[in-house]
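These features come from TrEMBL:
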- B:Thr190: active site, nucleophile (ACT_SITE)
- B:Thr153, B:Lys179, B:Thr190, B:Glu276, B:Asn398, B:Ser403: substrate binding site (BINDING)
2 protein chains.
Amino acid sequence: MTVKKIVGTNITSPKGFKAAGMHCGIKHKKKDLALLVSDVPAAVAGVFTTNAVQAAPLKVTKEVVYNTKKMQAVIVNSGNANACTGKQGLLDAQAMQQLAAERLNIDPSLVGVASTGVIGEIMKLAPIVQGLPKMEPKQDLESAIDFAQAILTTDTVMKNTQYSTEIDGKEVIIAGTAKGSGMIEPNMATMLGFITTDANIESEHLQAALSHITDITFNSITVDGDTSTNDTVLVMANGLAGNESLTPVHPEWSKFTEALHLVAQDLAKAIAKDGEGATKLIEVEVTGAENDVEARKIAKTVVGSPLVKTAVFGCDANWGRIIAAVGYSGAKVNVEAITIQIGGTTMVENGEPIPFSEEKLIQILKQHEVKIDVSVGVGEGHGHAWGCDLTYDYVQINASYRS
Amino acid sequence: MTVKKIVGTNITSPKGFKAAGMHCGIKHKKKDLALLVSDVPAAVAGVFTTNAVQAAPLKVTKEVVYNTKKMQAVIVNSGNANACTGKQGLLDAQAMQQLAAERLNIDPSLVGVASTGVIGEIMKLAPIVQGLPKMEPKQDLESAIDFAQAILTTDTVMKNTQYSTEIDGKEVIIAGTAKGSGMIEPNMATMLGFITTDANIESEHLQAALSHITDITFNSITVDGDTSTNDTVLVMANGLAGNESLTPVHPEWSKFTEALHLVAQDLAKAIAKDGEGATKLIEVEVTGAENDVEARKIAKTVVGSPLVKTAVFGCDANWGRIIAAVGYSGAKVNVEAITIQIGGTTMVENGEPIPFSEEKLIQILKQHEVKIDVSVGVGEGHGHAWGCDLTYDYVQINASYRS
């Protein structure tokens, strides 16, 4: 095993990263303002929502990712998405960038901005102005936890993960933290993800790796099919591990991408599992599709089906809803070759029902993680998607979110 | 007004149609078997699910619609969808066709079959064999109601409508009945629709009219985004009104298509309003899209958004979720020209928030029908979609449907 998981939750584990998080007053009580900063400007890569309506902070952060191509810090608030806030919204996002830069004494063009929360309300800057001077980014675990908590909205738990590997004989760490948990249909969702690493790598190669990995991780989860205006995943690589600069021809390139993949996958699954109101993580694995893209399309359709989601919530081994979702996914399938398994038990083989033990299936569906395998008999395409069950609590949370 | 609505609910109002419905034993208690028959073979048109997985009855009924091109009767059962039941399922659907033909003493090739209910369970034919001899199709209101009730599954109300018009000086009646109410994302949904008319028209023209009208009615509703394996809408036109044969060049063609449109629209809205667990009908009207197809795409995305649906359930004027859905619809939009109204109150103009009275909006959102208007500032495209709110009851119904 050349890539290993590190126990513990620390976005500041990679060398040279500091974090802070606090309650400044955008929300009533919970932490709502966060800062992440690298000792030196870091190579940066970012992926952003595909929603045509994009929140103001994304415009600011895209400038940093695409033009500056380096990032040294990111300021994040929760409680207000600063989306659909017109010209004032853009001015406010720029002000946040400026304020963070002043606080940290760095150039504003090196500062990213991310916001999550209610859409369409003008930001209150006063709490941020008052809060920033009190923030002291540090490298300790407590500060990393403060950051991870301050970016949450309706999430019930923090999402953190970290892996280490060795490149050119130097230890390289990749750590990440993220928030979900509603309006999650990435491409992206109101999900924010922040990944830090001390690897030495140019932005160009970091971006290529992130874009590829995002497709098979963050873009393969769904909570409710809604794509947010604010989704952002940023990776900052500050190079302090001291390895030779990573490129796809570096002999240990795959170690780095594997670690980045695992960080992204852990965060994506954690977001799906903590979907609004969710009690279970659902993983769908599809084989035999025309290609990998089609396989993911089928997997996402199944895991996104409200009827499949409610059936899993109700511990009902209702494979008919699974095969119906496969059928309307729009992907090419061979109906007479479809095989469906729930928790390893075959329910459908070659398109026809197989008798199974209801009692056994109820036990399988009572677990906190439910695996559905689908094979569609067309080709070699293979893919995963992750989601969660649809529960009373999802309705409750979202019928009363804004007020 | 050349087309007028007829009060009352009677699929047997057009001349020469008889119906029956009974409890035969597929379900525990409720009516589950229905027959509709015309005195003479009728011109027929049909639209069917686009799901790649199609239930056995559809194969049988498509033969009648596409090959016989006439239909004299249809046998319908609820409680079992006869979907994903393999070769046995096809034999069973053919047996139902044969049994109905024998009971009515007509040719099997003139008999359509429709089923709705649980997927993946082998049909029990014995209750149908025993029930059919007891069925006496009649033209009275009671028999029409028996039919309308026997096709329901989780529906809470019957869906019926009828219109009359005059063509060539003869009264022509078009009546329809339908069932929803889960797995409703037409193209089509587990929706069954049966429309009868005594108009004189060839199948070819009837099919063209139905296909066009289906796009802007049945295919513009959504309950949960799930597309069923069984959706079927059939129109039978037996010609007994005695008008000259209708074609698009007949001077009164548009009266007929308007009446058919209104029947289809009434049924579609009734299905949306009675979506599983729904408390409200949501109508979204989109203007200013690139074309009508794009407008409907936006309208369906908004009305299908779980976050919009839960907000309407919770009487939360959360237009941010509406604009987010507009943004991820995939249709071309001019973000800076987006206007959004809820119940006639403007919430967003030119992409920016407009102050509004929360109290007024809560009153608007408490109504049983909520209208959302969206304008996207690109072109002249215009379209509607209908759906319903997402409630605790949807989750309850679907977490325990099969058992």
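Just so you know, glycine gets a Cβ as well, placed from its N, Cα and C.
Curation plays no part in TrEMBL annotations; they are all automatic predictions.
In this structure, the C-alpha atom of B:Glu276 (substrate binding site) lies 12 angstrom from that of the residue listed as 'active site, nucleophile'. Neighbour density at the Cβ, taken as the number of other Cβ atoms within 10 Å, is lowest among the binding-site residues B:Thr153, B:Asn398 for B:Thr153. When the recorded positions B:Lys179, B:Thr190, B:Glu276 are scored by other C-beta atoms within 10 Å, B:Thr190 scores highest.
In this structure the alpha carbons, written CA, of B:Thr153 (substrate binding site) and B:Thr190 (active site, nucleophile) are 10 Å apart. Applying an under-8 Å Cβ distance to chain A, the recorded positions B:Thr153, B:Lys179, B:Thr190, B:Glu276, B:Asn398 reduce to B:Asn398. Across the structure, B:Lys179 (substrate binding site) and the residue listed as 'active site, nucleophile' are spaced 8 Å apart at their Cα atoms. Between the CA atoms of B:Asn398 (substrate binding site) and the residue listed as 'active site, nucleophile' there is a gap of 14 Å. DSSP gives B:Asn398 (substrate binding site) a helix state.
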